[in-house]
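Visitor: Quick one: the structure is below, and I'll ask about it shortly.
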Amino acid sequence: PPCAVPFVHHKQEPRFSGSNQASRVKKPFLSCAALHRPGRFLCSPRKMGKDGGGDGLEVPLLKRTYYHGNCPGCRLEKRNETRRGVPYTEFACMWLVTVCSTLPIQSLFPFLYFMIRDLHIAKQVEDIGFYAGFVGASYMLGRALTSTIWGIVADKHGRKPVLVITLIAVITLNTLFGLSSSYWMALTTRGLLGLLSGMLGPIKAYATEVCRKEHSHLALSLISSSRAIGLIVGPAIGGYLAQPADKYPGMFSQESIFGRFPYFLPCLCISILAVAALISCIWLPETLHKHNEATDSNNSIEAMEESLSDSNAEESSGGYWSLFTNWPLMSAITVYCLFSLQDVAYAEVFSLWAVSDRKYGGLSFTSTDVGSVLALSGLFLLIYQILIYPSVAKAIEPITLVRATAILTLPLLASYPFMTTLSGFNLQLVVNCASSLKNSFQVTTITVCNILMNDAVSQDLRASANGLSVTLMSIFKAVAPAVAGVIFSWAQRRQTASFLPG
């Protein structure tokens, strides 16, 4: 029957993407016949403007009514059509997988200073930070080499296999790192762990696909908060459980495996948690569509539906290389990389600085003290993410929020050198408050960047886009520990210098 929906004579003006006039690409329009094709789409009335014209019309509601029975992505979409609520089971499993894959990244920082000392690679105490920087950088360097490849694999073969491979790598290689008997073994196992840790990009794409679109921002916020918690709780585990024979002699003897390998216990505990996360993957459905669109007679209509379903997504016809000309995506990635660089540099230098002797400008903390600070920061971060961040995100525009956190971070970091003049309860209070604020600013920025990146691309390139962001971010994070370790070691040698004293 004739369509009663005002559709600007059943055509839409061509829409453009991108800011460069020369690179603008026309988006397809839907005809009335396409909208009413049997068994495919439904259209809903569009609101007319006050003048009765086409201005102010809403985008037509397009609804998929045909699904491939053997496609896991179609099955999930069909289920999401009828399930309106939040998918708590998938979100809980996704949270556990993300936390467990993130725990090893920075869990070594509280005990890395002592580990390098015990491996007898540094000839002087001042050189420990130099060698520690390369161990911290090896993971990020390995991840930088393979993150894009893992993103492409996830777009072709599915998100879930990449998650499983990452968890298996955590279980095996993180355990071997705790058993390192030489500096080169520690360096190698960390590098291999980074090579096989490819889930960060795919899990962001997965988060937006496993639920209905209205819950996608909640899912991405969950990923950011779980990663932030993992980056905080990981070092806390390392600080509390490293050197157990010295800290808890009543439970662990010097002759036991935990006495002979004093940094094995925290690594083993993280690996056991990763086993639980691997089991939870049973309840995670695959979200990638696995059917040949070329055999679908209405394949062009589905492509147009995907194009129109997300007005913020860029055209994907150019494939992977089109991501480099997607300026909203590249802008978000740039901010993401810069904040990631300073965050990792801060994480390593904070632990090294805190456990250093006061004569070198440190706080003379033990690894347990560092673990306590990080554990309290993680608890505050969890409260912030659940109770405070949602209200802040609704009240402030994303770009304004990023600018505000960047400005507030500068004086906060500049205040750390003055903490060495404090002691006792005052020192603990100030350090805990500063650490909590720093991590809250960081998770806010990362969450906003993840939302902007996912909104900038369509589904078929989402894992690749996140893989690209992880690759570039990992390069920055690989540089950060090495450079931060060298600068920290150099600063400790210049405590009494007249120019730029440590």
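Keep in mind that glycine also has a Cβ here, set from the backbone N, Cα and C atoms.
Nobody curates TrEMBL annotations by hand; they come from automatic prediction.
When I checked TrEMBL for this same protein, it listed these features:
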type	residues	note
DOMAIN	90-502	domain 'Major facilitator superfamily (MFS) profile'
TRANSMEM	93-116	transmembrane segment
TRANSMEM	128-150	transmembrane segment
TRANSMEM	162-185	transmembrane segment
TRANSMEM	219-243	transmembrane segment
TRANSMEM	263-284	transmembrane segment
TRANSMEM	333-355	transmembrane segment
TRANSMEM	370-389	transmembrane segment
TRANSMEM	401-419	transmembrane segment
TRANSMEM	468-491	transmembrane segment
Visitor: For the transmembrane segment (370-389) and the transmembrane segment (219-243), does the number of C-beta pairs under 8 Å, pairs 6 or more apart in sequence, reach 3 or more?
Guide: yes
Visitor: Relative to the transmembrane segment (93-116), which of 128-150, 162-185, 219-243, 333-355, 468-491 accounts for the most Cβ pairs at distances under 8 Å?
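Guide: Of the candidates 128-150, 162-185, 219-243, 333-355, 468-491, 219-243 scores highest.
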Visitor: Using a Cβ cut-off of under 8 Å, list the residues of the same chain at least 6 residues beyond the transmembrane segment (263-284) that approach it.
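Guide: Distal contacts: 89-90, 92-94, 96-97, 99-101, 103-104, 107-108, 111, 114-115, 160, 163-164, 167-168, 170-172, 174-175, 177-180, 210, 234, 237-238, 240-244, 252, 257.
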Visitor: Under a Cβ pair cut-off of under 8 Å, which of the recorded stretches 128-150, 162-185, 468-491 contacts the transmembrane segment (333-355) most often?
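Guide: It is 468-491, which has the most Cβ pairs under 8 Å.
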Visitor: So what's near the transmembrane segment (468-491) in sequence-distant terms, Cβ-Cβ under 8 Å and 6+ beyond its ends?
Guide: 126-134, 136-141, 143-144, 147-148, 151, 194, 200-201, 323, 332-333, 336-338, 340-342, 344-345, 348-349, 352-353, 361, 453, 502
Visitor: For the domain 'Major facilitator superfamily (MFS) profile' (90-502), provide the mean pLDDT of the predicted model.
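Guide: Average per-residue pLDDT within the domain 'Major facilitator superfamily (MFS) profile' (90-502): 84.
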Visitor: Six or more residues out from either end of the transmembrane segment (162-185), which same-chain residues have a Cβ under 8 Å from its Cβ atoms?
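Guide: Long-range Cβ neighbours of the transmembrane segment (162-185): 97, 100-101, 103-104, 108, 115-116, 119, 121, 131, 135, 150, 153-154, 192-193, 196-199, 202-203, 206, 261, 263-268, 270-271, 274-275, 277-278, 281, 284.
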